[in-house]
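The domain 'Pyrroline-5-carboxylate reductase catalytic N-terminal' annotation in TrEMBL covers 12-108. Annotation source TrEMBL lists NADP(+) binding site at 79, 80, 81, 82. Feature annotation from TrEMBL assigns domain 'Pyrroline-5-carboxylate reductase dimerisation' to 171-275.
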Ligand SMILES: NC(=O)C1=CN([C@@H]2O[C@H](COP(=O)(O)OP(=O)(O)OC[C@H]3O[C@@H](n4cnc5c(N)ncnc54)[C@H](OP(=O)(O)O)[C@@H]3O)[C@@H](O)[C@H]2O)C=CC1
Ligand SMILES: O=C(O)[C@@H]1CCC=N1
């Protein structure tokens, strides 16, 4: 990508890592027709069946050769587990071009570590999206190192805006963003599992319990989005004194629900810091 271009249908994207987050990002990018599938290259460590699956599902190119992946890409996206990042980056030493934009979605790992492992001082954007990328509803925290040009920051922002919303943040904010919105979909799915299970246990069909749960979460999320009321006020509007909601909330309080959720978010953020700290 030249210094002055932004993201276009012709931009060539290379993904190193082919797991859950890459599948979600590919689904969102291709649904939006942001980039042509034949301009997207995906490589992993060894799982050929997984590469074939992505190639067949999305029409992207499975790439067995990392050197070819880097050479063919304008933007290289690092998407392996933190523990695999040092080896993966070191294997790219001498391959990444000095002005080639590298985007990392790896939890906890700093841009400084990535630079060090790649052996470059080049442009690196560190991000934290989530798997709702697949339906265009990720929220991505994004932070750029000193070498990222305005055009490159624009291209990275455009990429993640195509699959959700973007917040440009300082790098040290990315760990709490990881705990809140990177891991966040899992907390909501956990809640959904419990709500659906309760409905089914009480005699509803699984299918109806699922629909009631999903529509309730969707409606509440839309209310949070569109209402000017704070979440606490929205909650109070559901809660009739002495009624059913109050009875339910009292049970949640007896299990310290708010404390549990707060602790979960903060522990996940701490875990992101731990994952990165071992390399600092
Ligand atoms: N899942 C999520 O919700 C989110 C994940 N992330 C971050 O994204 C990253 C990937 O997560 P996720 O997709 O869940 O993980 P997965 O375990 O699903 O996928 C990891 C991928 O990395 C590949 N890989 C491992 N080592 C190397 C290597 N040396 N060179 C090339 N590829 C390699 C694996 O290949 P193989 O199978 O062949 O070993 C696999 O394709 C993590 O750092 C995570 O923190 C960020 C936001 C959300
Ligand atoms: O669980 C993880 O470590 C990754 C980071 C955010 C979501 N999944």
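Every residue gets a Cβ built from N, Cα and C, even glycine.
Distribution of TrEMBL features across the structure.
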| residue | record | Cβ within 10 Å |
| --- | --- | --- |
| 79 | NADP(+) binding site | 23 |
| 80 | NADP(+) binding site | 23 |
| 81 | NADP(+) binding site | 13 |
| 82 | NADP(+) binding site | 18 |
Take every residue in the domain 'Pyrroline-5-carboxylate reductase dimerisation' (171-275), average their pLDDT values, and give the whole-number result.
98
Listed binding-site residues: 79, 80, 81. Which have a CB under 6 angstroms from an atom of ligand 2?
none
Do you know the DSSP helix, strand and coil residue counts for the domain 'Pyrroline-5-carboxylate reductase catalytic N-terminal' (12-108)?
42 helix, 18 strand, 37 coil
How many of the residues that make up the domain 'Pyrroline-5-carboxylate reductase dimerisation' (171-275) does DSSP mark as helix, as strand and as coil?
89 helix, 0 strand, 16 coil
